[in-house]
Amino acid sequence: MTLPGKGNAAMGSSPSKSEETAFAAEIPQYTNHGDDDETSTIQTHHPGFTTADRTDMRRMGKTQSLLRTFPSLPILSFAIVLQSTWEFLLISITQGLIDGGLAGLFWSYIWTFLGFLPIIASIAEMASMAPTSGGQYHWVSEFAPRRYQRFLSYFTGWQATLAWQSATASGSFLSGTIIQGLVSVNYPDYEATRWQGTLLVFAMVLVLLGANIWGWRALPTAQHLALVFHLTLFLAIVVCFWALAPTHQPARTVFTQFYNGGGWATGGLSVMVGQISAIYGSLSSDAAAHLSEEVSGAGLSVPRAIFWSYTINGALGFVFLVSFLFAIDDVEAAIGDPSGYPFLYVFGRMERLGRGGVSGLTGAFLGLLTVSNVNFNAAAARQLFAFGRDGGLVFGGWISKVHPTRHIPTNAILLTGALTALLSLINIGSTAAFNAIISLSTVSLMLTYALSIGCVLHRRLTDPRSLPRARWSLGRWGVGVNVAGLGYSIFA
C-alpha cells in the first residue's frame, strides 16, 4: 500500500513561501492514472487550480488527475444536499419513535447535534491540513505513530470504503421503498414485495450513473438549484405540519413523554438505541473532503463546506423535528402505518392536503432524495478512487483509472453503482440481512472518525510542530476539540 506518510514533507512539515513560489513557477502536468497510451494532459492554467492546491498535492505526494470544477459555493451546496439532515430524519425516524418516543427523539437529537460539533470541527481542520480525496485513511497515515501508520491507514481505508458503499446502497434502497409506500397510499390493495423494491434500486442506480458520468460537468451548477429545492421543500413541509395537521401534541408530551416500544430493560437504554435516528441524520459530513481534488482552493473551501453544511443542516433538522413531533397525533399508529413510513401517516392525516397533495409532497421529496443519492455516489466513488490509487484495493489500478476526456474516475463510479445493485439483491432473500449490511455505514464511519481524530490528537500532543499548516485551524482549542470529538465518536 502506498502511504502518504513517507518522507519528511509527507510527515507534516508545512511548505515554505519559497517552495510555494517555486511550485507556482512550475507547470506540472495533470496525468491520468490509467494505461500509458490513454494518459491525457490537462492545462494547469485551468482557473480552478490554485497555487495552494498545487502546494498541497505536492506535499502529499499526489498527482493531480481530476479537474477542479467545484468553486467554494457549489461544494458547500453539494455537502448540504448530500447530508440532507431533515430529509434523512424524515425517513429514519421510525427507530427513534419506537425506542424513545417523542421526547426521546427530541433530546437525543440535541445531544447528537452538540456531540457531533467537535467531530465536524476536527474533520474540517484535517481536511485543511491534507485536502485529498482519501480523507480519513490518508489523515491516519499522516498523523499516526510511524510504526502503526501502514496498518491503521489500511484498516481505516477499508472501514471508510465499507461505510460509503453501504451508505450509498441504503440511500437507493430507501428511495425504492418510499416509492412502494407511496403506491400503497394511492392503492391500498397493493402489497409491496422485496423483489420489486430491488428493481427500483436498479432503476435508481441507472439514474446515479447517468448523472455522475454524463452529467458531471453540469453538477456544480446544479447544486445551487438543488439547494434552493432543499430549502423550499423544507419550508413547504414545515408549514404543512403546523397549518394542516388536525391536532398538535401539547408541549409537555413532546418534551417529557418517553416511549419504550422496543421492550428494553430500561427507558434510558431504549433512548440510547433510538438515538440512531439522530445519528443517521448527522452522518456523512466528511463528504466534501472526498471531492477535495476537484475543489478550487480545497484547503479552505472544503473545511468551510464541511463545517457550515453541518451547522446549516443541523438547524434545519431541529426546526423540522420539533414541527414533526408536534404534528404526530398517535405515535403507535404512525409506527404501524402500512406504508412503513410514519411521515406518510402524518401526511395522510392532513385532510385538506388530500391524496394528491400527499403524492405531490412525497414525489418532490423523492426528487430531492435522488439528488442526495447522486452526491452520495459521487463522494463514495472518489473515496474508492483514492483508496485504489494508493494501493489499498485489489485491481486498484483499474479502479483509479481516470477517463481521458471527462477527467473523472469513471471506473470507480461504475463499480460503486454495481456494488449498490449487488447489495440490493440481498434484500430479495432477507430484509434483515440487507439492513444489517447497510448498517455498517454508521458503525464504520464513526470508527473512521475516531481513528483519524485520535491520530491527529496524538500528533498534536507529541509533536505539534510537525502538523501541516491548516488554513482552517482550531488553533489553541485543538486539543480540547479533538478530545471531545474522540469521546463522542466512541460513545456513538
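Using the three backbone atoms N, Cα and C, a Cβ is placed for every residue, glycine included.
Remember, TrEMBL labels are computer predictions, not curated facts.
Small disclaimer: the values here were computed from a predicted structure and weren't measured.
When the ranges 330-347, 366-383, 474-491 are checked against TrEMBL, the one recorded as transmembrane segment is 474-491. Proximity of the transmembrane segment (474-491) to the transmembrane segment (106-130) is established through 3 or more Cβ-Cβ distances under 8 Å for residue pairs spaced 6 or more apart. Non-local neighbours of the transmembrane segment (66-86) in the same chain are 30, 42, 46, 48-49, 53, 133, 217, 219-221, 223-224, 226-227, 230, 234, 281-285, 287-288, 291, 293-298, 300-302, 304-306, 308-310, 312-314, 316-317, 319-321, 368-369, 371-372, 375-376, 378-379, 402, 407-409; each lies 6+ residues outside the stretch with a CB under 8 Å from one of its CB atoms. Through the fold, the transmembrane segment (195-214) approaches residues 169, 172-173, 175-177, 179-180, 370, 373-374, 377-378, 381, 406, 408, 410, 413-414, 417, 420-421, 424-425, 427-428 of its own chain, all at least 6 residues removed from its boundaries and within a Cβ separation under 8 Å.
In this chain, the transmembrane segment (432-453) lies apart from the transmembrane segment (305-328): fewer than three C-beta pairs between them fall below 8 angstroms, excluding pairs fewer than 6 positions apart. Simply put, out of 106-130, 226-245, 408-426, 106-130 has the most Cβ pairs sitting under 8 Å from the transmembrane segment (305-328).
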